[in-house]
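Copied from TrEMBL, the annotated features are:
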- A:51: active site, nucleophile (ACT_SITE)
- A:111: substrate binding site (BINDING)
- A:142-244: domain 'Pseudouridine synthase I TruA alpha/beta' (DOMAIN)
């Protein structure tokens, strides 16, 4: 039987999502704890990777397992959370068809990047602190160029295994929130390091080091050498992975509770 | 010269706001760090106390001090934050008239109590976790009885130094948010332990242990023996202290930045 696990994690202490030898990753902790609780080897596959130090308020992984007789899903989720480190928590667990794939079935991912403009004792590990407000209008003029289907080579980290660098971006913009700003970007897919490179370069625009027009030139150059440095990992959250309604919607709305920010 | 300091703190590691012998409090840390940075004895007076373990996303304190020649307020705030423990942060600092009083000039205080209904790795120290959703409509039917001017003896912790138990409550209600609920209460003043006793008793209503009518009887009984136990301290935030506009409004809105939740 195949299951979708919806989870959240504080990425501060992990070398990202993806299993890697010699370091602790979120996927590795999940596999270890699911295997322990289910007493069989379990391997998770996530909707996508998050980089070292990046957080997720919503990540989705699928795994195949045979549940022991009499073990129901709420009890499994409870035991999993007792086994997991405090920084990783399963939130919703439900069966899916055997061919449902956490990565290939995902239609869109949303990331948020948090900037604090006031010293904030609650957000030290979850935001970038700036002591001067960046130019919101200039950053949003530049961010608007990202919307649509484009080649994001200019904002990709490494020329790696990716077949192509085209992403369809549905939304990209900065919003005021109390004491700070948040950048939200929603797209069908993301290439490696993309959000932090986009944010770092938009912040250069916000600081007046670069004009929106120059941002556009960098974007269209399809060269990885012009972007600004990647923004601090701790400010970034994977905050929503979207699937076709028949796969997850009923599972996510128990008792009228909202699972996501409106 | 008198100053208002607007600050935020993670109350987990402190025995509340108020100076007490033998334990570490937020006020004590502030006095120690302000005195160190200003090289003179400085004593803060807060808008009100918060209990042990309770947080503040907005607290205000006044203090009197002579700033050394050439020391401007942004530099003082920066140095103060370098001296303070990471869980306490000054956010805005501005001069006020010599008779402006952080406690007596405050017109309203707002508290929020956070309940999570999904395991949340980011809110462990900042919320109460419930594994079953309480009855929101019943809780709000009861909460509505709090609005207006009433004697809150039934929801006060100790018969102490307070002259009277009358509070004018402008707003009291539960709201859905992603993965949980938040209770918001705004009043001209609060008696000791009031919010946590109100929340604990409202949660009894939400669990079906008590009807809204029984909640009303407890409220009107003016006896401290009927309320439910106080809700966990970690879920409670002092989140806004309001003053007459001429005292603070200009200071709080640099560059169009929102300081509070709408």
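Any Cβ shown, glycine's included, is placed from N, Cα and C.
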Cβ packing number for residue A:51 (active site, nucleophile), 10 Å threshold: 19
Cβ atoms near the residue listed as 'substrate binding site' (within 10 Å, other residues, all chains): 24
The residue listed as 'active site, nucleophile' and residue A:111 (substrate binding site), Cα-Cα, nearest whole angstrom: 12
Average model confidence [pLDDT] within the domain 'Pseudouridine synthase I TruA alpha/beta' (A:142-244): 94
The residue listed as 'active site, nucleophile' - helix vs strand vs coil (DSSP): coil
The domain 'Pseudouridine synthase I TruA alpha/beta' (A:142-244): DSSP-derived helix, strand, coil residue counts: 34 helix, 31 strand, 38 coil
